[in-house]
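> Just passing along the structure, written as structure tokens.
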Amino acid sequence: MIHQNLAIMIIILPLVSSVINGLFLNRIDKKLAKIIAISFLLLSALFSLIIFCDATLVGKIIHIKLLPWIEFRNFKVNWSIYIDQLTSIMFIVVTFVSSVVHIYSLGYMANDKGIIRFLSFLSLFTFFMLMLVSADNFLQLFCGWEGVGVCSYLLIGFWYSKESANKAAMKAFITNRVSDFAFILGIITIIIYNGSANYKDVFLSAKLLSNTKILVHFSILDIICLLLSIGCIGKSAQIGLHVWLPDAMEGPTPVSALIHAATMVTAGIFLVARCSYLFEYSPIVLQFITIIGGITCLFAASIAIMQSDIKKIIAYSTCSQLGYMFMACGVSSYNSAIFHLVTHAFFKALLFLSAGSVIHSVNEHNIFKMGNLINKMPITYGNFLIGSLALIGIYPLSGFYSKDLILEAAYSSGSFMFIFGITAAMLTAIYSMKIIILVFHGKTKLEKDVFEHAHEPTKTMNNPLILLVAGSFFSGMLGYYLLSMNKPNGYFHESLFNLHIYKLLINHTPLYIKLLPMAVGIVGIVIGICLYKDSLPYHDALTNKSNKSKKDWIPQSNYKMILFIPNILRNKYYFDEIYNYLIIKPIHCLAYLFYLGDQKIIDRFGPNGFARVINYFCALTCKIQTGYIFNYALYIVSFIVITISYFVWKSIY
């Protein structure tokens, strides 16, 4: 009973905090509002830790049916809380990272008049994510799924007077509606063919659905899994539907940390892992997920190399790491996908918040305009370095364990995407070193006053990052231990499912494959150092500068070819331009045609035209009503003459 109450409190506390601060304390007592927001999140994190320890040591599953929600004939759905090992680890990630972001925001948003509204939105975001991961049915999960989408819209567009923020919020919301439409169709298909939305019932019928063919090569389950995976592709910003993620950087930096590390983008990975019982019986969709994930991790990493905005580089890094997680799910290594999700949450939040400290200090996003901040911000530099090395996958940091496990799984499965993953690992090291060198080690390009006043952030912003540093160090070792438990899928043995034919013999992976990711990362570090040292002649080509003396050694014809690839990467493979040309402009043209049809034809000859005729006759009637007796006498005489003439004409003919 105690654990059940704790489980309820974990989810309810962020909601209560959001409601109290948003509705009551926003304009009354801001100090009390801050205390409530932070204390409620810390309590939620503490209770999550208790539940996690219980799930780890005892293996206990908590299932609470709170109230009946939908009842229609034989179709019943309860509003419930379901906590197993997968949910408990997600609770830890969401509540701990969210708590850090809340505390950090007190310093980062200290001078913002809307800070209480901001904290209210953050708490609401946390609540919906907790609802999503604790659901025991697809309809309740969908409520959390849409909830985080709405909150992302509110937070990305938090500075609503900023036009770019409004556009970014709309872009994120609309892009996710595209994938969510497929997700809704998937849930509807599940309900139609299974008669239930509860996980347990749906998972038990997976094998039967896989044998129910609707096309020659496709089963009902294939269609369901494909629709669900499209929903996950949009939410987790995979290639094609990734375009909203970089623009989400228009919101405050703490929002970026929360969206990219612990909440919205991880929802897609969580759903694929939760539905492993379905996806395992749909090998064709698993192959599709593997390809999407592999392409995304390489595609996003290549774009990150040529970006200049520090937050957008980290955003594309997130997109790339999510590709790794998708690839892991595609090769049935769901445990390594969740493992990387956990480790990534800590070091990516650390990177974003450290970047926020830099931006807060120098009020600049362009890394080519920074430089030599190591002496001004040594603590921030240390935090950023730890986060970057964890991202690259250097031992003994957490990324070494989780990313390598994914690549080992891809190799063991025989997937060609292993090559993509290894290449992306090298690119990850290159763009990580790019940030470190240009922001902290390069020659400063900041104005003298700005550089002299650069400083470490307040303790409110710095101290919470200690938790993320600890997570970046120790979550990898702890996770590796939990996954090494003598059970299928290790710690997640009751949450995840693998068919025997898809189990990966990772223990038999050659040693050189195990060491290859870190070796490639080290090579990438060396390349990054070489590329971004000012003395090298091709540095200017890569940084979009024009220094003729340094490019004279390259033939002019070849120089344009060399710049061709960087220009493609700098423009993000022209995805935005292609979508604008193929989708946005045609929709605008179609909308204009509908406008013409509605305003110029239907309204003109319909209600507006009829109204004009009425107005004309009304005006004519008004002219007749002059008020003079001689005019009325003339009308009467004229009418009598016309009437007599009519009868005379009729009698004659």
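Positions of Cβ are set from backbone N, Cα and C atoms, glycine also.
The model shown is predicted, which means the values in this text are computed figures rather than measured ones.
Heads up, here are the entries from Swiss-Prot:
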TRANSMEM  8-28  transmembrane segment
TRANSMEM  35-55  transmembrane segment
TRANSMEM  89-109  transmembrane segment
TRANSMEM  115-135  transmembrane segment
TRANSMEM  138-158  transmembrane segment
TRANSMEM  178-198  transmembrane segment
TRANSMEM  285-305  transmembrane segment
TRANSMEM  336-356  transmembrane segment
TRANSMEM  377-397  transmembrane segment
TRANSMEM  418-438  transmembrane segment
TRANSMEM  511-531  transmembrane segment
TRANSMEM  577-597  transmembrane segment
> Please give the sequence-distant neighbours of the transmembrane segment (178-198): residues at least 6 beyond its ends with Cβ less than 8 Å from one of its Cβ atoms.
74-75, 77, 136-139, 142, 145-146, 149, 205, 209, 212, 220, 223-228, 230-235, 241
> When you scan the chain for residues with a C-beta under 8 Å from the transmembrane segment (115-135), skipping those not six or more beyond its ends, what do you find?
7, 10-12, 14-15, 17-19, 21-22, 25-26, 30, 33-34, 37, 40-41, 44, 80-83, 86-87, 90-91, 94-95, 98, 101-102, 105-106, 109, 141, 143-145, 147-148, 150-152, 154-155, 158, 252, 254-255, 258, 262-264, 267, 270
> Which residues of the same chain, at least 6 past either end of the transmembrane segment (418-438), have a Cβ under 8 Å from a Cβ in it?
294-295, 297-298, 300-302, 304-305, 307, 310, 313, 317, 320, 323-324, 327, 367-368, 370-371, 384-385, 388-389, 391-393, 403, 406-407, 410-411, 516-517, 520-525, 527-529, 531-533
